[in-house]
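Everything on this sheet refers to the single structure shown next.
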Amino acid sequence: MSFSPQEALQRTIEHREIFFDEMVDLMRQIMRGDVSPMMTAAILTGLRVKKETIDEIAAAATVMREFALAVPVADSTHLVDIVGTGGDGSHTFNISTCAMFVAAAAGARVAKHGNRSVSSKSGSADAVEALGAAIELQPAQVAAAIEQTGIGFMFAPIHHPSMKVVAPVRREMGVRTIFNILGPLTNPASAPSVLMGVFHPDLVGIQARVLRELGTERAMVVWGRDNMDEISLGAGTLVGELRDGKVREYEIHPEDFGIAMSASRNLRVDGPEQSIAMLRAVLDNTPGPALDIVALNAGAALYVAGVASDIGDGLARARAAIANGSARQRLQQYVDTTRTLVA
């Protein structure tokens, strides 16, 4: 007998956990459209108020992966996702998108999962499209792009068609729900390593442990103390690192890597055009905090991808890829390849 939505709602009201198998059953019902919009909204609200557990998040992510259109990557060596939950309210330029090109040029292979803007001035999909790349690639085309360029951008609506069922509910609710933290956990290419930014410090340890439950090999989950969902230059950054099946939590600072502190307001943009201008300036090796934060985050991605021995080594590799022009070339190669794939 399936786990009833009414029982799920009752559990959340009483601040009791929904167990893994029950949550899998419930999420399948929701994703199939078997649960009414009103009941779905009530359950999502109850989970948020109660605070979602590691098992509840892992179970929900497992089902979203089940329903996703997977990208058939033949070789996942050094394959990493660089992703953020968004919702940090910082309105910075597309740091993780820029880091994607840098990390790929420095030896990683990046399968980045993203969407258009919801809370930011420019979502990752908006940025990749504004750079001239085709974003609406089918799974086999994404796999081909990864094979040819070391980069694959996966536009979330294409890979998660079942999300159409809950989209109207989420839109009408207008508040964060479990789905805001599920997106970064449901990479359609099943990248074995991930650099993930989160919007709340509590999620640093939680998401690292959820990734472990989901079988991720290496991960860094980060939250900047200035409320950035990236490794920050403006404050310390809390890290939950998953390695060898263990989660270690610690804090890093830009000075640890010889980088001057810089407030996040120096990285703010008013829209996609400004974001793209800042991204291109970084790839043109223009010195400043924008280049520093991209190199640091790309360096961390190179570390979790197994390309670099530590973040410092990754940072040096990232800076070299920017300085020698290979990151800029990789961007152009990706743009040209995606256009050819959809032609």
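Even glycines carry a Cβ here, placed using N, Cα and C.
The 5-phospho-alpha-D-ribose 1-diphosphate binding site annotation in Swiss-Prot covers Gly84, 87-88, Thr92, 94-97, 112-120, Ser124 and is backed by sequence analysis. What Swiss-Prot lists as anthranilate 1 binding site is Gly84, Asn115. Look at Swiss-Prot and you will find Ser96, Glu230 tagged as Mg(2+) 1 binding site. What Swiss-Prot lists as anthranilate 2 binding site is Arg170. Per Swiss-Prot, Mg(2+) 2 binding site is recorded for Asp229, Glu230.
Shown here: features listed in Swiss-Prot, placed on the structure.
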residue	record	Cβ within 10 Å
Gly84	5-phospho-alpha-D-ribose 1-diphosphate binding site	25
Thr92	5-phospho-alpha-D-ribose 1-diphosphate binding site	24
Ser96	5-phospho-alpha-D-ribose 1-diphosphate binding site	26
His113	5-phospho-alpha-D-ribose 1-diphosphate binding site	28
Asn115	anthranilate 1 binding site	18
Arg116	5-phospho-alpha-D-ribose 1-diphosphate binding site	16
Arg170	anthranilate 2 binding site	18
Asp229	Mg(2+) 2 binding site	28
Glu230	Mg(2+) 1 binding site	26
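In the three-state DSSP assignment, the secondary structure recorded for Thr92 (5-phospho-alpha-D-ribose 1-diphosphate binding site) is strand. For the pair Glu230 (Mg(2+) 1 binding site) and Ser96 (5-phospho-alpha-D-ribose 1-diphosphate binding site), the Cα-Cα distance reads 8 Å. Spacing of His113 (5-phospho-alpha-D-ribose 1-diphosphate binding site) relative to the residue listed as 'anthranilate 2 binding site' is 20 Å (Cα to Cα, whole number). For Asp229 (Mg(2+) 2 binding site), the nearest neighbour among the binding-site residues Gly84, Thr92, Asn115, Arg116, judged by Cα separation, is Gly84. Between the CA atoms of Asn115 (anthranilate 1 binding site) and Gly84 (5-phospho-alpha-D-ribose 1-diphosphate binding site) there is a gap of 11 Å, rounded to the nearest whole number.
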